[in-house]
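As annotated by TrEMBL, transmembrane segment applies to 41-70, 77-95, 115-141. Positions annotated as active site by TrEMBL: Asp111, Asp125.
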Amino acid sequence: MVGAAVLLVDVGTKSLAVGLLEPGHAVSLVGDRLVCVLTRNAGAALSIAAGNAVLLSVAVLITVVAVGALGWRVRSAGWALGLGMVLGGATGNLVDRVFRSPGPLRGQVVDFLAIGWGPVFNVADFAVLGGVICLITLSLIGSPLGSANQKTRSSAG
């Protein structure tokens, strides 16, 4: 559910950005602190791997499949939230890589949000980052993937 919501918001906001913003022209939302500026990114975060778009797309596809498969087994709300955020965000950027120019698996991701002087990003990027932070936190505190009842049942059996 979380992944689908992230995907819908990401695709919707990217469509709005492409339809309403001119490339390179900044629109202030909250002074200089939050700005909309339309850019395209052939790489991952901070344009990493921009020259290897197909390899990056395949890696993201593998990640989406792996996170989706793990998500079916998770019974913890926290883990489901974190995985859903990563899944929705990764899928949102994968949609761009598959369907946007210059072509399948080489498409450029639409970025349009900038906080202060930082990099330009999108809803998917924010969701992946938030999801990863959530998952790391859950790992550090030792939160189980399943519910407490599930753990008790599997120990008893």
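One is the number of the first residue shown, and numbering goes on along the chain from there.
Cβ coordinates are placed from backbone N, Cα and C, and glycine is handled just like the others.
Asp125 (active site) sits 9 Å from Asp111 (active site), taking the Cα positions as reference.
According to DSSP, Asp111 (active site) sits within a strand segment.
Within the same chain, residues 3, 83, 86-87, 90-91, 93-94, 97-98, 105-109, 111, 119-121, 125 sit at least 6 positions outside the transmembrane segment (41-70) and bring their C-beta atoms closer than 8 Å to a C-beta of that stretch. DSSP classifies Asp125 (active site) as helix under the three-state reduction. Counting only residues at least six positions away in the same chain, the Cβ atoms of Leu38, Thr39, Arg40, Asn41, Pro119, Val120, Phe121, Asn122, Asp125 sit under 8 Å from the Cβ of Asp111 (active site). Counting every protein chain shown, 21 other Cβ atoms lie within 10 Å of the Cβ of Asp125 (active site).
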